[in-house]
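Trainee: Below are the features listed in Swiss-Prot for this protein:
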- 1-27: signal peptide (SIGNAL)
- 32-88: disulfide bond (DISULFID)
- 42-66: disulfide bond (DISULFID)
- 50-82: disulfide bond (DISULFID)
- 64-84: disulfide bond (DISULFID)
């Protein structure tokens, strides 16, 4: 009888810890994204360039990924796409 009670208590504590962890992970993963095109190529430090471009925006973005856009016409300057995110 005592073993069953202890097993039940340990199971309840374990379930509580698992549920709490899942809620923490879901809260940490919520990020707001913004994609925007800028003139120029990404180069070696494209992610830093994107962070600099987004510095003057209303929100502070902390993660960026730079991708060179396909050039449609040779007469147009090269473009890059910045995909940046911040905690919501």
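Cβ coordinates are placed from backbone N, Cα and C, and glycine is handled just like the others.
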Trainee: Measuring Cα to Cα, how many Å separate residue 82 (disulfide bond) from residue 66 (disulfide bond)?
Mentor: 5
Trainee: Kindly assign residue 32 (disulfide bond) to one of the three DSSP-derived states: helix, strand or coil.
Mentor: strand
Trainee: May I ask which residues of the same chain, at least 6 positions away in sequence, place their Cβ under 8 angstroms from the Cβ of residue 84 (disulfide bond)?
Mentor: 33, 34, 35, 36, 50, 51, 54, 61, 63, 64, 65
Trainee: Reduce the DSSP letter at residue 66 (disulfide bond) to three states and note it down.
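Mentor: The residue in question, residue 66 (disulfide bond), is strand (DSSP, three-state).
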